[in-house]
């Protein structure tokens, strides 16, 4: 969700104004996922690196998060959206943690959309955390080192309950992944758009989805192998 600050600067407003406008894009994307039957959505709301920003901006972001959860939680419950937090709780304000816990609890039965909110999240840190958890199990004798597999690491990540993402959308024309889901995006398709996040609504989301649908996902195979597999599935 990048480009809020630049969007605001173009309008001679402060960065917080851009973050406020970005909330409407969040609601629009969630609505699209529900209408189009997209089962999983992850929003990169606040990274580990974002702590380097001015404290005034960070405090404003927490206020926006609280306003969003207070206003939208009943709507999320009504539409069957399950909210899950991925990232470290340590360092987050206590009131934010309480609101996240409330959102997770009240939406636990949601089955229409699995919404992961990446807050105080970093991909490298997530992998380190998973390795430490696995190391503790090895140390205590619960896990044999020879039994460690890709699936072992998967299950110790924040995202252990969901499949790897099919599509990563990067707004504002940035050609980097910014420490986001580094393990999970090994075979994820990446879509980059110059559109700034506050302008990313249904039309732009549809462009990204249609672009994804035109791609051939080979997963290391040749085009001929992919075609043969698809024919086999049809027959």
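Cβ coordinates are placed from backbone N, Cα and C, and glycine is handled just like the others.
Listed in sequence order, 166, 167, 168, 212, 215, 217 are the same-chain residues six or more apart from residue 189 (Mg(2+) binding site) with CB atoms under 8 A from its CB. If you look up TrEMBL, you'll see 2, 189 marked as Mg(2+) binding site.
As annotated by TrEMBL, active site applies to 2. Under the three-state DSSP scheme, residue 2 (Mg(2+) binding site) falls in the coil class.
Annotation for residue 7 (substrate binding site): same-chain Cβ neighbours under 8 Å, separated by at least 6 residues, are 18, 21, 22, 196, 197, 198, 199. In the three-state DSSP scheme, residue 7 (substrate binding site) falls into the helix class. The substrate binding site annotation in TrEMBL covers 3-7, 15, 19, 47-49, 51, 53, 170, 176-178.
Long-range Cβ contacts of residue 50 (active site, proton acceptor) within its own chain (separation 6+, distance under 8 Å): 58, 61. For the recorded site, residue 50 (active site, proton acceptor), the DSSP three-state label reads helix. The active site, proton acceptor annotation in TrEMBL covers 50.
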Take the C-alpha atoms of residue 48 (substrate binding site) and residue 2 (Mg(2+) binding site) and report the distance between them in angstrom, rounded.
15
Surrounding CB atoms that lie within 10 Å of the CB of residue 3 (substrate binding site), all protein chains:
24
About how far apart, in whole Å, are the alpha carbons (Cα) of residue 2 (Mg(2+) binding site) and residue 170 (substrate binding site)?
7
List, in sequence order, the same-chain residues at least six positions removed whose CB sits under 8 Å from that of residue 5 (substrate binding site)?
15, 18
Among 48, 170, the one of these binding-site residues whose Cβ has the fewest neighbouring Cβ atoms within 10 Å:
48
